[in-house]
Structure formats: C-alpha cells, structure tokens
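Engineer: Handing you this structure, nothing more for now.
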Amino acid sequence: MELSYQEKLTLIKLNELKRAKFEELVKATGLEQVAVMRAVLGLQAKGLAKLHERSEKVVKLTETGKKYAEIGLPEWRALKLLRERGKVTLDDLREVLSDDELKPIVGLLRKEGWASVRKEDGKLILEITEKGLEAEERPIDRALKLLAEKNVVPVKEIEKLIPVKELKRRKIGEEETVTERTVEITPAGEELAPKVELKREVSVLTPELIKSGKWREVEFRRFDIKAPVRRIYPGKKQPYRAFLDKIRRRLIEMGFIEMTVDSLIETQFWNFDALFQPQNHPAREWTDTYQLKYPKSGFLPEEELVERVKTAHERGLAGSRGWGYVWSPERAMLLMPRAHGTALSGRQLAKGVEIPGKYFTIQRVFRPDVLDRTHLIEFNQIDGFVVGEELNFRHLLGILKRFAVEIAGAKKVKFLPDYYPFTEPSVQMSAYHPELGWVEFGGAGIFREEMTKALGIEVPVIAWGIGIDRLAMFKLGIDDIRYLFSYDLRWLREAKLVW
C-alpha cells in the first residue's frame, strides 16, 4: 500500500496513541493542521484510521463580555458606588459607567430594587435600598464567571444557570457550533504501522541533489494530478471585450487601418444620402431607425460634396439615371443615432483613402427591434471596405468566409443574393450555429459607382457590415446574445478565454 510521508508519520504516531483528539495528533506529528487532516482523510480512505466528529453548540464571551469579566458588570460598578456614598446623581454614575451603559443601568437598578429614584432640585437622585445593601451574586454573574474561567462552555451547561438569549441580549455571550474531532487507528492500521519505513519525502529535485547523488537515497513525493482542488477565479477581461480586442488586433495584423469615430450621432446625410439610399426609402422611416428629438438637425459637409450626392440622387452619375426625385437638404440634415457602420465607410471615402487600401471600424449601432436571444436594439457592428484597381466579387466572398471560419469558428457558411441600395451585386452571409441553426451575420457587396464617384473614388470598393455580436456567440459558445452584456457572475467567471 502506497502512503505519503505525512500519512506514514501520522499512522506511526496514531499507533502510539491508539485514539486521540485531533489537536493531540497534530502536536504529536509536528505537522500543520491542514497536513494532518489531509493525512487522516487519506488513511481513512485506505481503511487504516477512523475520524469521529461530534458537533456541539457552545457559548463564548464577546468583546463586551470579556470587558465585563475584567472590570465587572455595569450594575455592580454602580452598586459599589451607591454602597460607598448612599446616594448619587447621574453625573456621579458617569465616574464608573459609560454613556451607553448609564440609561439601561439606572432602569436595571430600579428593577432589581437595589436603588430608589427621585428628582431633587431638578436632578435625578439614586439612593441605595436595603435590598441593594444585601444584594448577592446572581445567575448571570455565575455564568459570566464560568465563561471567564473556561472560555468556551456548552450551551446545556450555561442553560442550567441562565437562558443563553439573556447573555445575547446583554451582548455578553455569543453562540456557535464547534466540532470535536477524534482519530482512532483501525486493526489494519495497527498491523501495518510497525512495517512502515519513514523516509523524508522530497517534492523538488534540486541541482544539489543531482550533483551530490543524494537523489538516489531520497524518496520523491508522488502527486495526484487528478485530485480535485479549489477553483480559482483570477482576474480576466470581460469575455466579449476580449473577443472584440482580438478581432481588432487580427485586422490590424492583416493590414487594415482602423477608422476613427467622433460620435454615435450622425446626420441622415451620412447614414443614408451619401450611401445612395433614397430619401423615400422605407428603411429611413421611424419603424426602422431612431430619430433625435433635440437637437433635431445638424450640418451638411462641404457644398461640392453635397452637390455631387444631390446630383446622384436626382439625375444619376456614372451612366445611372438616379432615383428621379427632388432631393431635400433639410431631410439630409436630420440627426439620428447611427443605424449602421457603413455611414463611417462613407465618411472615410469622402475624407480620402490610400489606393490600394483596407479600412475597418467596430462601432455601436442602434435599430428598433424586438429583443430576443438573437436580436438587440443596441449592438456592435464591424464594418469595413477594401479599395483597389483589380477588386471583384470573389475577393469579397473570400474575405467574408475567412471572417466566419477563422475568427468566429463557424463550421458552415452560406451566401445568398441580397439587395442594398448602395451595393451591387449584394450578398447576405449566414453561418450555422449548433443551437440556433442558420444565423444571419450581415450584408456585403461592391459599392455602387453612384455612391463612390459622388464621394470622389474612381476605383472599385468592396464592403461589408457584419453583426459582430452574433460572431461572438459562435466563438464564446453561447445561444443568447444578451449574455454578451450580462452581469451574471457565474458566466463571467466560466466563459472561455478568447485568444
């Protein structure tokens, strides 16, 4: 039978004692309490020892009780002064009592019949009575003395003198449960103990042991790597935040430039008009977007850019006939929380880009929706675009698939034809979630020339807008999008780290 060093030492000492209190066994072995308890439990599992436990309710002194045991109960201190002087005022009592003790003790002296109370010249006077002169030790005094002598006394013993609730009421004593442990050797333990050879175990192989050759003489401690241990929850990043940081880092490593963002609020010009989305499009109504009550309107960019966008809408650019309506600058000036990250792509293109160039942003967007496990009204979106001479639709599909497979960990991805006012051709990307089935991630396409030429770009631009929250559901293995922003401590502790 294989025993650790602590188990061997504990068994040898227990064989000498046969039966001992746990504290006695700790003293005999010279080991720490934790080490002895681990050894006893190990010996018990091997049938070599038995651990007996008996729980009992006891009473011990509080800090207030310890003070009273040393200087006396307040009523006895007050009575001693009364016996010396015959009668006292409240100011006199303050010589021996604290302000907290004064009021209740005056009432107690009166209740016990140890003093009479009267008013004289506007002052409260206490005068000792015959009963006060003859007062003797009471049950509470004997209980206090017993607790001071023994430190810990069983409840049943205290109850013979006074109810424990009375000690609690006066904050003299407190009740707790203590467990007395006794360890006993078994016949199998008695048989094995004389045969045990006690060798000091070594838990670390040091250079000195190797050089001296003493490693041949020592016994190495065995470790059970499967033994259960206390779980530790070290500090870590919020899981979703860690995922976003990983995405950002990965895109930068791939050569993308992160677009800077000034505000969550945009004009409809950047949300829609600059993207060649007509002002009568249903997606611009209150059912699909939020609007600001105050301030209601913002400012349009430089006049030349506004004029090109207006022309694209009314008459068309790059061979297009446009949307054929009268474009309203007042409508374009209306303010709203950003409805999609593509608004930032439009801003960046108008500001100027490197050609070829790759750009991205991870931003909060807002849309009216019904909250459920796959929809939020405020969520994060990753938008990006690549601009270059030779770009085509196949490049776009390759980038999207790489996103879903490599970054989100999706196993199956599919693309469906779609329609967006500002891209042509357009595509919708979905990935398969083991719990939710096919989940839409977002849309993508090649920006229409009516949009890019109005913004001053003459080469192809492939772009996408992806719900990064849904990508995170795959990577973090959750089936409810609301968990990404959860305060659930258990989920925050146990959610896997994303690298």
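Using N, Cα and C of the backbone, Cβ positions are placed for all residues, glycine too.
These came from Swiss-Prot, pasted as-is:
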type	residues	note
BINDING	Thr342, Gln381, Ile382, Asp383, Phe422, Phe447	L-phenylalanine binding site
BINDING	Glu424	Mg(2+) binding site
Engineer: Note down the number of other Cβ atoms within 10 Å of the Cβ of Glu424 (Mg(2+) binding site), including every protein chain shown.
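Structural biologist: Total other Cβ atoms inside 10 Å, all chains included: 15.
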Engineer: Whole-number answer please: how many Å between the C-alpha atoms of Gln381 (L-phenylalanine binding site) and the residue listed as 'Mg(2+) binding site'?
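Structural biologist: Here the two Cα atoms lie 21 Å apart.
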Engineer: Counting only residues 6+ away in sequence within the same chain, which have a CB under 8 Å from the CB of Thr342 (L-phenylalanine binding site)?
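Structural biologist: Set apart from Thr342 (L-phenylalanine binding site) by at least 6 residues yet with Cβ under 8 Å, we have Leu275, Asp383, Phe422, Ala463, Gly465.
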Engineer: In whole Å, how far does the CA atom of Ile382 (L-phenylalanine binding site) lie from that of Glu424 (Mg(2+) binding site)?
Structural biologist: 20
Engineer: Whole-number answer please: how many Å between the C-alpha atoms of Glu424 (Mg(2+) binding site) and Phe447 (L-phenylalanine binding site)?
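Structural biologist: With the alpha carbons as reference points, the distance is 6 Å.
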Engineer: Across all the protein chains here, work out how many other Cβ atoms are within 10 Å of the Cβ of Gln381 (L-phenylalanine binding site).
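Structural biologist: Within a 10 Å radius of the Cβ of Gln381 (L-phenylalanine binding site) lie 23 other Cβ atoms.
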Engineer: If you draw a 10 Å sphere on the Cβ of Phe447 (L-phenylalanine binding site), how many other Cβ atoms land inside?
Structural biologist: 26
Engineer: Quick one: what's DSSP say for Thr342 (L-phenylalanine binding site), helix, strand or coil?
Structural biologist: helix
Engineer: In terms of DSSP three-state secondary structure, what is the assignment for Phe422 (L-phenylalanine binding site)?
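Structural biologist: The three-state answer is coil.
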